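These notes are about the structure you will find just below.
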Amino acid sequence: MTHAREWRSSLTTTLLMVILLSYMLHLFCVYSRVGAIRIFPETPASGKRQEEDLMKKYFGAGKFPPVDSFVGKGISESKRIVPSCPDPLHN
């Protein structure tokens, strides 16, 4: 009987420690929120300029020619040339 009582006592102690530690972790996560640090420019950009800057940032404006530049050239010049024979290097 004493062995079962010791086992139950250690299980209860372990369970209480797990509950206590999880509660402390919960409190730490809830109360340790840090706000974002925002750095604003001294002179805010206008709406149109800001949109253009975002387009340049995410889509790399200026790297590709505009769509209108392909209009008068036909389809064949805008496509890659297909080789007439297999490439010996990659076969």
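Each position is counted from 1, following the chain as shown.
Heads up, the Cβ atoms here are built off N, Cα and C, so glycines get one too.
Look at Swiss-Prot and you will find 1-35 tagged as signal peptide. Through the fold, the signal peptide (1-35) approaches none of its own chain's residues that are at least 6 residues removed from its boundaries at a Cβ separation under 8 Å.
The Cβ of PRO83 (hydroxyproline) lies under 8 Å from no Cβ of any same-chain residue at least six residues away in sequence. In the three-state DSSP classification, PRO83 (hydroxyproline) falls within coil. For PRO83 (among others), the entry in Swiss-Prot reads hydroxyproline, with the evidence type similarity to another entry.
Taking Cβ-Cβ distances under 8 Å and a sequence gap of 6 or more within the same chain, PRO86 (O-linked glycosylation site) has no neighbours at all. Sequence annotations record features per position, and here Swiss-Prot assigns O-linked glycosylation site to PRO86 based on similarity to another entry.
Under the heading hydroxyproline, Swiss-Prot lists PRO86 (among others), citing similarity to another entry as support.
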